[in-house]
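Please read the structure below before turning to the comments.
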């Protein structure tokens, strides 16, 4: 995730987020962003231990919350009342958003811890659409579904279920509620190269799609054969469009899901040009377009203002996923994207990619690996780091 | 190394108890480190046949009544150490499956050998207990379904005295969420320690947690398990020998009260 703070507004031009000059600004890699209901708010958080909440009508930062540890995931509840974020130790914190905050910026209203995955990095955090549950996925193959209580600031102690079945870290997940279904379902993607469908109320695994295997992406990883991890997935709210980004595939995989007969299968593989590996995707509100970003942060050689990113847009999705045979989703050319080349140059830094695309792809891979694998430090550095620990007494 | 394991197995089969001298390990183990031991993907993948062959041998049909659902582990001893509590509980509840969870490799091996030896010298007994090497602070939901357990034990856990190490304590508000998930409503959590500060910590965590309520003293008097807490384990016996005080907190898993 790049630390650039530029965004697309409905008017097809890019917008810079306006920060409060008196408070702290994002200064390090942003690990997670999430929109609130109807796009009214945006939350961003990352390695600088700040969670910032922006109001999208004016793009002003309305709240900054400081965290004790680096933040790995953030989510806004559907009522827009709460922002939840997860730190690198696996604790999920909650802070309430008051209406008054729109008028003032306040730093340091303390967040409260509401639940935790014991010593495990949380990779994704989301509220269920009806806000009854909060779901958190971690590096240790688990997805935990917790009841989100009426007074959540006292803690979310009641675990509804665990969705267990993945054989590697869970990288992404999304809720979907197809018409006619009571509760909705959960889709998840993982380092084990599968996408799974769950009944999150019971934690039951309903279907598994071995995306890496189906798409034929077997690769030799140095010591063993394996399929590449799923890096992101994007699901429309009714579950009709399921887009999956998987490392090593220069494109995306579209899945189709039969909710009633519990099947999940590859419907179509859409390839883009060589060396374009999407790291992050989002479906536009009207489901007309899929926006894909490929970017890498934490590269030691580049300054933070010059982070390489590349954006592509895909269009032409159909309501009926089985109807892909005649009409492929097409990738838009740069000048066909709403906003055109001008937008791209603002968002990417330039309309030409600043780095060789292959090098960018390699950078993305190592960036992802760095995020999820425990760092090994040399002995002297470890001792130095111990001196700076800031563990507070906490129950 | 493998020849040692074979001779140890052979000795256990003959009924000879293992000697602790060969299984010495440090008292502490780091629960934060990424250890590499096999974990079941989910509770359905837990190998009951391996742990409780008497009840799950192929052909015996689980040794339960034909139509009854298969047995599951109902008692969990977290940090079971050298297995004293399991051995003490086994004859009290002969039809209940119990599992000990221990982080230290050598100590788990000791308990395995001890159980095998007891089974060999007391045919038909001690078949309901077993041990697994795992980090229960990270992987409890991998072993137990929601509401599967009726009792959980935390006997003399590592106090982790330094404030910066408090996060490694096995009882905390966060972890109690997971223990509440594994315990059925009405299930009981037993904790005991000889360290007063830890005793206060555990009691206040349980008191503050909305899914646990204290078990009244009168009920504890009648519970046969309670006496074992301080007498069954090596740690407990050591405390008694030294005339130390113990601090007990026994709570019941309750339903969340409606606001």
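Backbone N, Cα and C define each Cβ position, glycine as well.
Marked as active site by TrEMBL: B:158. In the three-state DSSP scheme, residue B:158 (active site) is classed as coil.
There are 23 other CB atoms within 10 A of the CB of residue B:103 (S-adenosyl-L-methionine binding site), with all protein chains counted. Summarising the annotation, TrEMBL assigns S-adenosyl-L-methionine binding site to B:79, B:102, B:103, B:135, B:136, B:155, B:233, B:234, B:235.
Annotated compositional bias 'Polar residues' per TrEMBL: B:1-12, in sequence order.
Look at TrEMBL and you will find B:1-20 tagged as region 'Disordered'.
Cα of residue B:136 (S-adenosyl-L-methionine binding site) to Cα of residue B:158 (active site): a span of 14 Å. Annotation for the recorded positions B:158, B:235: lowest Cβ count within 10 Å of the residue's own Cβ, B:158.
Proximity to chain A, defined as a CB-CB distance below 8 A, holds for none of the recorded positions B:103, B:158, B:235. Local packing around the binding-site residues B:136, B:233 was summarised as the count of other Cβ atoms within 10 Å of each Cβ; on this measure the leading residue is B:136.
When the record's S-adenosyl-L-methionine-binding residues B:79, B:102, B:103, B:135, B:136, B:155, B:233, B:234, B:235 are compared pairwise by CA position, the greatest distance found is 21 Å. Spacing of residue B:103 (S-adenosyl-L-methionine binding site) relative to residue B:158 (active site) is 12 Å (Cα to Cα, whole number). If you take the Cα of residue B:79 (S-adenosyl-L-methionine binding site) and the Cα of residue B:158 (active site), they are about 9 angstrom apart, rounded to a whole number.
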